Amino acid sequence: MADLERVESKKDDIYVSSAEADKMRNELEDHTTAFAGLTRIQAIRKFWRASLFCMITAFGVIMDGYQTSLPGSVLANAGFIKQFGTVVDATTGKISVNAQYISMWSGLAYLCQFIGNWSGGFISDRFGRTYTLYALTIVFTGGLITEIVARDYKDWLAAKMLMGLGQGLTQQGVLTFISEVAPTQLRGALMSTYGWSYALGQLFVSIALNALEMTDPTNYLKAIYSEFVFLGLWIIALPFLPETPWYYARKEDEVKAKKVLGKIYKGVEGYDIDREYNAMLVEIQEEKYKSKSNSEVALKDIFMGPHLRRTFASLFALVMQNWSGSPIIFNYTTYFLQQAGLPKPFQASVIVYCILLFSLMVSFYGIERLGRRTLILSGGVACTIFNLAIAGLGFAHKSDSVDNATLAFICLWVFMYAFGFAGTGWTCAAEIATPRLRAKTTAFAASTNAISGAIFNSVVPIMLSTTSRNWGVKTLFMFAILGGIGTVINFFLLPETKGRTFAELDELFDLKIAPRKMKAHVTSIEESGLKNHQ
């Protein structure tokens, strides 16, 4: 046995000669990135340039958060109500915006977001990831101009539809870009910047509207003009972003792929472009072999074999954002707080978004330390409980203590939502899919989420409006039920992707390991010693 070496397989222990064992290790090493064993701290130091490109891309999400949240938050502004309000209270003579208009604006905006998700997937696969980023820039510019010239509900509808289309392009384009540029060890944290960046844009909206409320509450166009600041900064940063090397590698354009690798990983000590490119090719060839076809990716592929489980795991990780209650608390923040009876809704919204940002920063640590699955399941349980608490307060007699308790539970809900779902859902949506199907799987998950958002955002304004259903905070009973159901589904569907390479995830799903047991499973690359099991 002295000349034999033990090699672990999935079923049995196999003994081979030392020479054969060395050959097996060398072959696996040639097909694997040289940096698979780096810690997160080491990866940050080595791959700071790649991380910077991801952070620049995330700035586009700040613009997205600002430009898509402002139209919903401005609904409580006196100037906006004066311009677009058509319903007059017979008793008080107070004017308000028709709840049916608000429902139509939101519903059609989400349908356009659905279109944007699929359009982004097509553009990314056909022309490149950066082309999607340019497309969303053009759409957002058109939406902003339309908002400025809008004078009735039809004009505002056109603006909302353009903003929805831009948001769909952003979700697909930014997530795909970051997932293919970010180092494996930092992928979760960098992809979770999507939620943080979007929340930062929402916070800026709250600050802008609160300042407007204190200085010039009837001139809502001042808030609209401020969107040019974020759009301008994004336009300046956009030309510096490279195409992703994975896109060129799949197009078999070796020269451009290696050129991009050289730009992204410039100055990294020990970085062998040929080896890293070959490792990418091996993974791509394995994907093609599994698909038994070298043809273009078809939509049906995401529902075939093990990809079906991966598609629905991506979907339910993301759909929890809507099912947990975000359409009521975030999309209509000031409107919801106003309907909840809080005396200063604009100031309360600033508090809400400050908590959101703080919790997202905490989740950056949690997503790599605790894992994606833990965050989503804990967020689902907590948000369900807080939804029940807030909705229950809707039956209490109106008082300052009830208002304070309502705001406190809303803040707790926001903290757990951000900690559990805001960044993690998008991270899982892009990570769980195999690289070959990532663009279409992400598009399917995001667009399905957009459809659910369209439904919720069509009915929520009617439920909240005092001139319609007038359910107020009791609307959250519906989301408590949905959130509970979604949490149970995720318990059985959602795998832990923390620290896993895409090749490892392919292996785990091919072996049909139960998602809740994937974290403990030792993969072949870990068996070989090239990577430590986390």
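Using N, Cα and C of the backbone, Cβ positions are placed for all residues, glycine too.
Because TrEMBL annotations are produced automatically, they should be read as predictions rather than curated entries.
Database features, via TrEMBL:
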TRANSMEM  47-66  transmembrane segment
DOMAIN    53-498  domain 'Major facilitator superfamily (MFS) profile'
TRANSMEM  131-150  transmembrane segment
TRANSMEM  194-212  transmembrane segment
TRANSMEM  224-241  transmembrane segment
TRANSMEM  350-367  transmembrane segment
TRANSMEM  374-395  transmembrane segment
TRANSMEM  407-429  transmembrane segment
TRANSMEM  441-464  transmembrane segment
TRANSMEM  476-494  transmembrane segment
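Taking Cβ pairs closer than 8 Å, the transmembrane segment (374-395) reaches residues 317, 320, 324-325, 363, 366-367, 402, 405-406, 409-410, 412-413, 416-417, 419-421, 424-425, 428, 471-477, 479-480, 483-484, 486-487, 490-491, 494, 496 in its own chain, all 6 or more past its ends. Across the domain 'Major facilitator superfamily (MFS) profile' (53-498), the prediction's mean pLDDT works out to 84. Remote same-chain partners of the transmembrane segment (350-367), defined as residues 6 or more beyond its termini with a Cβ less than 8 Å from a stretch Cβ, comprise 188-189, 192-193, 195-196, 199-200, 202-203, 206-207, 210, 329, 333, 337, 374-375, 407, 410-411, 414-420, 422-424, 427, 498. Ranking 131-150, 194-212, 224-241, 407-429 by CB pairs under 8 A with the transmembrane segment (441-464) puts 407-429 at the top. Against the transmembrane segment (131-150), the recorded stretches 194-212, 224-241, 407-429 differ in Cβ pairs under 8 Å, and the greatest number is found for 224-241.
For the transmembrane segment (407-429), the residues of the chain that approach it from at least six positions outside its boundaries are 171, 175, 187-188, 191-196, 198-199, 313-315, 317-318, 320-321, 324-326, 329, 337, 342, 348, 351-352, 355-360, 362-364, 366-367, 372, 375-380, 382-383, 386-387, 389-390, 393, 441-442, 445-446, 494, 497, judged by C-beta separation under 8 angstroms.
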